[in-house]
Amino acid sequence: MSFLAYQNEEPSGTPAQQADPRENLLDEHNTAAYRASVLQGVERVIGELTGRDRPTTGIQPEQLEPETKRIDLDSPLRDTSEALDELEKVYLRDAVHFHHPRYLAHLNCPVVIPALLAEAIGSAINSSLDTWDQSAGGTFIEQQLIDWTAGRIGLGEKADGVFTSGGTQSNLQALLLAREQALARQETNPDTGWQLSRMRILTARDSHFSIVKAAKLLGLGAESVIPVDCDEQRRMIPSALDAELDGCRDRGLIPMAVVATAGTTDFGSIDPLLEIAGSCARSGAWMHVDAAYGCGLLVSGKGPSLTGIEHADSVVVDYHKSFFQPVSSSAVLVRDRETLRHVTYHADYLNPERHAEQRIPNQVDKSIQTTRRFDALKLWLTLRTMGPDALGGLFDDVLDLAQQAWEVLHADPRFEVVTRPELSTLVFRYVPSADIDPELCDRANLHARGALYESAAAAIAETVVDGRTHLKFTLLNPRTTRDDIAEVLELVAEHAGRHLEENDTTGLEQRRAS
Ligand SMILES: *Cc1c(COP(=O)(O)O)cnc(C)c1O
């Protein structure tokens, strides 16, 4: 239908409209168009970087949605420049700038240039990492990065793993392997449904919600994830874990996995990995470490230690969080490569069993994806250009900044700060005096976040701690300074303070009475 429409179109004379659609393909005939196109894109990005001094524009969904919907996807512009002009209106102009020093909201990092170069190369060649016959050298580059990461963790000689789309997928795959390993050990009763109903995953209350999602996807019941209590530093309490493990044993349940977090999303807290490893060894539970955020410590020169992580059965790392890589770049690693057999399926057209016998390396044998981006290339070019120490140095800068930011917050009587950060997040609350109604204080803090977004002065996050609204900085930009932090806090205090003044009805009554 659309092909016919294209054919029947009146030739209006512009070269773009008459062009053969094959001129859009990347091949040896179109190298000039390729170069010109990509350079135009680079120029647009540079225009955004240099043309805006704020992390957001304060745009609201109701403003942007009609702009996007107005565009008729069936009426192409047939001109790169015009299409990019349109893209500016619906995307580039208001996109959130993670590289801005006052973007302090979520776990998004500014990205390093070698990784961007690799994105451009990887997308152009478009290797698919599922099989050797679709990737050739890409397979070995990915494998080398997996081995390198496993080596940094200390997983040992039999370690292996695979790149994934992100921590959520990595956690799902790790827990799938854990479930299969646990099932394989339950030989006495072949009723899988009954076994699944007894499976339990133990994880700290503050762990990532992808663990609960994974449990659901794995066919485990609503009760399957047991939350373990945390200490004041928001780390899993080992004795609480042991008590829950004992409870599982007493009730005839199967503790299929313990998920420790190395860097919780809210607090950056690192669970006591060594103690947890001991508990796993005693109970036979699979030890999974979610280091989606804390993996930056693998290249850091300072920062807290991850001792104990080397005992894990599986580890998740998000290079797109603390290795300054563009989304997506993540991996799941396992101590024993044999466990990856649980995701190995053979298709005659793709990865026949014969290939395994011939030792043809097909990464699809280890992955829950089939067609898969060559995301490893970004990290490879980063390591080959910058090296791990330079990368770790960037992460060290944000660890330093987080300590400075904590000092600023801690010294300011208007703010409460929940924990002293181990990594680079700060969770705090504007509470100018102890007798303020906590609900009103919640609203004042939320208001400050919204006002900052609307004024586009900074982007910060919110969360809830013990039932109360808190604000959150996630620091991943080495260019953010102590002054940035202090000035953003001043703005928070101003906005929240004004909200309190305008809405504090007790104060109002007092003023009326006097
Ligand atoms: C971000 C995060 C995840 C999820 O990773 P995605 O890459 O966003 O899917 C899992 N665990 C922790 C601790 C995280 O911080």
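First residue shown is number 1, and so on along the chain.
Heads up, the Cβ atoms here are built off N, Cα and C, so glycines get one too.
According to TrEMBL, the features are:
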- 20-30: compositional bias 'Basic and acidic residues' (COMPBIAS)
- LYS321: N6-(pyridoxal phosphate)lysine (MOD_RES)
- 1-30: region 'Disordered' (REGION)
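In the three-state DSSP reading, the residue listed as 'N6-(pyridoxal phosphate)lysine' counts as helix. Residue density at the residue listed as 'N6-(pyridoxal phosphate)lysine': 28 other Cβ atoms are found within 10 A of its Cβ, drawing on all protein chains shown. Each residue of the compositional bias 'Basic and acidic residues' (20-30) gets a DSSP state, and the totals for helix, strand and coil are 4 helix, 0 strand, 7 coil.
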